[in-house]
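Engineer: What follows is a structure written as structure tokens; I'll ask about it next.
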Amino acid sequence: MPAPILDIFVDGACKGNPGIGGWGVLMRYGQHEKVLMGAQWHTTNNRMELTAAIEALKAIKRPCPILISTDSVYVKNGITHWLPVWKKNNWRNASKKPIKNIELWQALDQLNQRYEIEWRWVKGHAGNPGNEIADELANRAIESLRQKTS
């Protein structure tokens with residue numbers, strides 16, 4: 001009997017871009033659910049999207065098949081298409097400029113190599129329950145950080 005799939009939904013949010021940002025993760029494995037979230041000052045939406053994926057992968061306890069759903073075309077295309085080219089070009093884009101968020105992409109690349117992962121893009125704010133929960137967590141993290149400093 002094959003192992004169940006670890007179903008992960010990741011999302012990032014930013015109030016201002018750059019501005020205060022948050023990330024949220026919903027992880028489902030069989031009947032078990034885990035949520036993660038965090039926030040940062042002076043960040044971007046893309047950084048929060050990447051951070052959500054990184055934190056999700058860091059939280060995995062043991063190898064299993066993984067499906068990661070993101071509403072970020074940047075993350076989905078980056079990890080599935082652009083990353084091999086960036087690495088071959090010494091972490092530079094087609095214009096020969098260093099890629100943005102290099103430290104996050106390198107961290108995600110290392111974690112991505114540890115597991116068997118299928119990356120899936122989902123339309124944001126379109127009623128996908130897992131994506132809606134991850135989005136809610138990201139926004140809740142932003143509000144929590146705001147309240148801590150008010």
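Keep in mind that glycine also has a Cβ here, set from the backbone N, Cα and C atoms.
Since this is a predicted model, take the numbers as computed values, not measurements.
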Engineer: Please pick, from Asp11, Asp109, the residue that Swiss-Prot records in the Mg(2+) 1 site together with Glu49, Asp71.
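Structural biologist: So, going by the record in Swiss-Prot, that would be Asp11.
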Engineer: Take the C-alpha atoms of Asp11 (Mg(2+) 1 binding site) and Asp135 (Mg(2+) 2 binding site) and report the distance between them in angstrom, rounded.
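Structural biologist: Approximately 5 Å lies between the Cα of Asp11 (Mg(2+) 1 binding site) and that of Asp135 (Mg(2+) 2 binding site).
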Engineer: Can you give me the Cα-Cα distance between Glu49 (Mg(2+) 1 binding site) and Asp135 (Mg(2+) 2 binding site) in Å, rounded to a whole number?
Structural biologist: 10
Engineer: For a three-state summary based on DSSP, what are the helix, strand and coil counts in the domain 'RNase H type-1' (2-143)?
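Structural biologist: Per DSSP, the residues of the domain 'RNase H type-1' (2-143) fall into 56 helix, 46 strand, 40 coil.
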